[in-house]
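Participant: This is the structure, below, for whatever I ask next.
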Amino acid sequence: MGEHRVPLLLNGDKELAQIAAAFEIPETPNFSEASLPWRSCLPHVCIASIGAFLYGYHSGVLNATLQFVARDLGLVDDALAQGWIVSICLVGGLLGCIWSGTFADEVGRRRAAQLSTVPIIVGGCFSAVARSLKIMIFGRFLVGIGLGVGASATTLYISEISPAPLRGTFGAICQIAGCLGLLGSYAIGLPVAFITGWWRACFWISSIPAALLLLGMEFCPESPRWLYKQSRWFEAESAMKKLWGTRNIKAAIADLVQGENTEPATYAELCSKQFVKVVIKGAAIFMFQQFGGSNAVFYFSSTIFRNAGLTSSFAASVCIGFVNLFASCIAACLIDRLGRKTLLSWSFLGMSMGMAIQACAVVLPIFKSARTYVLLFGMIFYVFMFAIGVGPVPMALLPEMFPSRIRAKAMAVSLSVLWITSGLIGMLYLPVLNICGDLFLFSFFAIVSFSGMIFVRKGIVETKGSFGGEMKTSILGTCTGHKALNCLWIDDKEKAYTKSCLASTLLSHVVLSHEHKEILESILMQQMVLFFEVDYGEFTMLMSVGLTYQCFICPLLKRPLNVSVVYF
């Protein structure tokens, strides 16, 4: 039968190991490396990545146009009003992001991504026709709501439709799309100094990619994981075939059923002892990302270069954008080879070094004659190291960290932290710069980035090739998932539950007659009552009878059932 794999129990339970060996269980099928379904999946990933493109575009659209918007609206001397035009989008993004988890769970990832484009299109139109501050702020607020919902929904969608060996690469495509959106906003904003009212065209143009996302998602299948959780099994199977092909359907089902038969959690449950640690870790990654200086660089690179004496500060900002894009492409090639944790930790270390170089350029006399060039080098090095890890990795890592039950809402909470910290950086950077100076900020960003590296190495679990259903037991600190057998390694006091999990695992590889299924259901349902009495929580649902029967879609071993083996 080929090579077989047996669960290794921490308590050395030979009885259970012998029972597993008696069934000669082959490994759970994996996606074939020779037939990875990237061709059928990539178009849907690219369409969903338009959401990231929109985020990048609206992040940079005011970089070159804000002074002309202020002139036409009579706000040249009103710095506070200009600040509101920029920051109100972040406020809307925060509100949209908080709501996005519940929304994506209710209507689905695909539909949530589609509907997120409506406020983006409407808000872009209001911004384009604005003749007053109120209309402009209202338009930017609507855009922010759409971006908040869309960022969460498209990230979830891409992570859930991507095959495990390519999940990191496809997740990095979002970062590349965001870079393209940022560069696109710079390029489209270039004529603003020569064509009166061109800033209005910049907002009109933003409706085009939003409309493409709205229409394009109509031709994309819904997330199989979401369909599975809605008990729409036939639609889930159809979506899997469309995304991954019939050749990989066994591996797709094996990847899908792990941890996917539980009801979505409420926001209150995210604060429970079971989930709060992993949610805090997800939010902390974005806190280190933002307070490490990433958005300060992208928001205020022109200001930094201007203060350093660089005459063509806008050209330097465009150069930063191209470095960001180039490094993001490298990250897409490395993320599934080196792993999320490795890229993230080295990226934080490199960001710390980049900021340290800039701090040295400010304080050390030896660098004064070449301060501008050293600052430019430090900035480019910082952006390169950011884009190779800290930029793209969190969007691939977090959906894999979070169990499926909390994934949508935990992503919403983490992205809300991203919007909040991004807004704080946007509002506080210039005042702190005026009060404390460059040296303080560069040193602060360097220390935070170095702390982020330590946090990742000490507190983050590698998730490459796994998903929430497989990773949740190890991340939550309860037990360790065993991918090959969909089994659990647990201690002596949970021995009865171990036996049930093992029984379900063994039987998932057996073709049963109707009579045997009835016997099995009776036996396991009796055991489930016992397990609920001892309160093992959601782990009692991992190997339920329903999940066992759904595993029969891809039976691996045809032999009659020996009830005496199952009934411990």
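In case you wondered, yes, glycine gets a Cβ from its N, Cα and C as well.
Any TrEMBL annotation is an automated prediction that lacks curation.
Small disclaimer: the values here were computed from a predicted structure and weren't measured.
Sharing the features that TrEMBL gives for it:
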- 44-464: domain 'Major facilitator superfamily (MFS) profile' (DOMAIN)
- 41-59: transmembrane segment (TRANSMEM)
- 79-100: transmembrane segment (TRANSMEM)
- 137-158: transmembrane segment (TRANSMEM)
- 170-192: transmembrane segment (TRANSMEM)
- 198-220: transmembrane segment (TRANSMEM)
- 283-302: transmembrane segment (TRANSMEM)
- 314-334: transmembrane segment (TRANSMEM)
- 346-367: transmembrane segment (TRANSMEM)
- 373-398: transmembrane segment (TRANSMEM)
- 410-433: transmembrane segment (TRANSMEM)
- 439-456: transmembrane segment (TRANSMEM)
Participant: For the transmembrane segment (439-456), give me same-chain residues lying six or more residues beyond its boundaries with a C-beta closer than 8 angstroms to one of its C-beta atoms, as numbers and ranges.
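Facilitator: That would be 284-285, 288-289, 291-293, 296, 341, 344-346, 348-349, 351-353, 355-356, 358-359, 362-363, 390, 429, 432-433.
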Participant: When each of 41-59, 79-100, 283-302, 346-367, 410-433 is checked against the transmembrane segment (198-220) for Cβ pairs under 8 Å, which one has the most?
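Facilitator: Checked against 41-59, 79-100, 283-302, 346-367, 410-433; highest Cβ contact count belongs to 41-59.
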Participant: Based on Cβ pairs under 8 Å, which of the stretches 79-100, 137-158, 373-398 lies most in contact with the transmembrane segment (314-334)?
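Facilitator: Per the Cβ count, the answer is 373-398.
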Participant: Look at every Cβ pair spanning the transmembrane segment (170-192) and the transmembrane segment (41-59), keep those 6 or more apart in sequence, and say whether at least 3 of them are under 8 Å.
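Facilitator: These two stretches do touch.
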